[in-house]
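The compositional bias 'Polar residues' annotation in Swiss-Prot covers 1-11. Annotated domain 'MBD 3' per Swiss-Prot: 172-242, in sequence order, evidence recorded as sequence analysis. The asymmetric dimethylarginine annotation in Swiss-Prot covers ARG118, ARG145, ARG174. Summarising the annotation, Swiss-Prot assigns region 'Disordered' to 1-21.
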Amino acid sequence: MQTRSSSSPSANHRRETQLQIADPTSFCGKIMPGWTVVNRPRSSNNGVVDTYFIEPGTGRQFSSLEAIHRHLAGEVNDRRLTRAGSFFQDKTRVYEGSRTKQDHCGVEYASKGFRLPRGWSVEEVPRKNSHYIDKYYVERKTGKRFRSLVSVERYLRESRNSIEQQLRVLQNRRGHSKDFRLPDGWIVEEKPRRSSSHIDRSYIEPGTGNKFRSMAAVERYLISVGNITLDSVSMVHSERLPLLMNRNGIRFQSEVIDPNPPKKVKWVLTGSGGNMFTANVRGSNVSSLVKHTWSEAFVSLIEDRS
């Protein structure tokens, strides 16, 4: 009794003869030197031949040049990606989403010159029952993982925009210039909070009624409309008038220009709360009225910057 082998020598021979090594020079400029190109007829014997590209050293097979591009673009080891040869001149961008030919019109590409920054790594995870390898781009500092370079680029761009926004907010919150004082005619509206001893101040521009919540906002506004310069800021000094109280409990005070501001004032903080000071100008103590006015100005300055 004879048994028939499931894989006879003649069948193996036919399978080997069907694999044809193609001339790699026909793909010159599209693949790196050393790659092997194999033409493999389909088992249906309908004359269709599939082309496979074999990576030297690893033996990995790729069914398209696009798959090779994605594979090579993701190979980094904590260094910036480098691109060499004419292979990288044209189609070097990596896309995410559907990879079928019908959907290529809707794919999203990373920028042509995009590189992984330092501190990133690439993980390769082979799929089960498949020759396909999934790549994950990992930010080591945070542990965040991304499936494509375009996702990494989008994440970095959004993070950069967020940092720039925070910097703009911090710049807007900066205090006003040290020597800045309200111009003549401006009104300060002080309104005590109901559930707190804190007093909210608003600075009102005469004529327009524009209201600002801080001295820094007033200074930025005056600079933007061209009503103030750095020289005028450094020369402006003001003396506060007594506060006025209306029926609603809102206090108002105006600012006037002191035509002869002192060049130097020697002062020392006093009082239990540290909100009073004694002042000496040209060897003489200032009057109690002036000290009281300056004390209010000093407390207001501290609260504006807090």
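Keep in mind that glycine also has a Cβ here, set from the backbone N, Cα and C atoms.
According to DSSP, ARG145 (asymmetric dimethylarginine) sits within a strand segment.
ARG118 (asymmetric dimethylarginine) counts 9 other C-beta atoms within 10 Å of its own C-beta, drawing on all protein chains shown.
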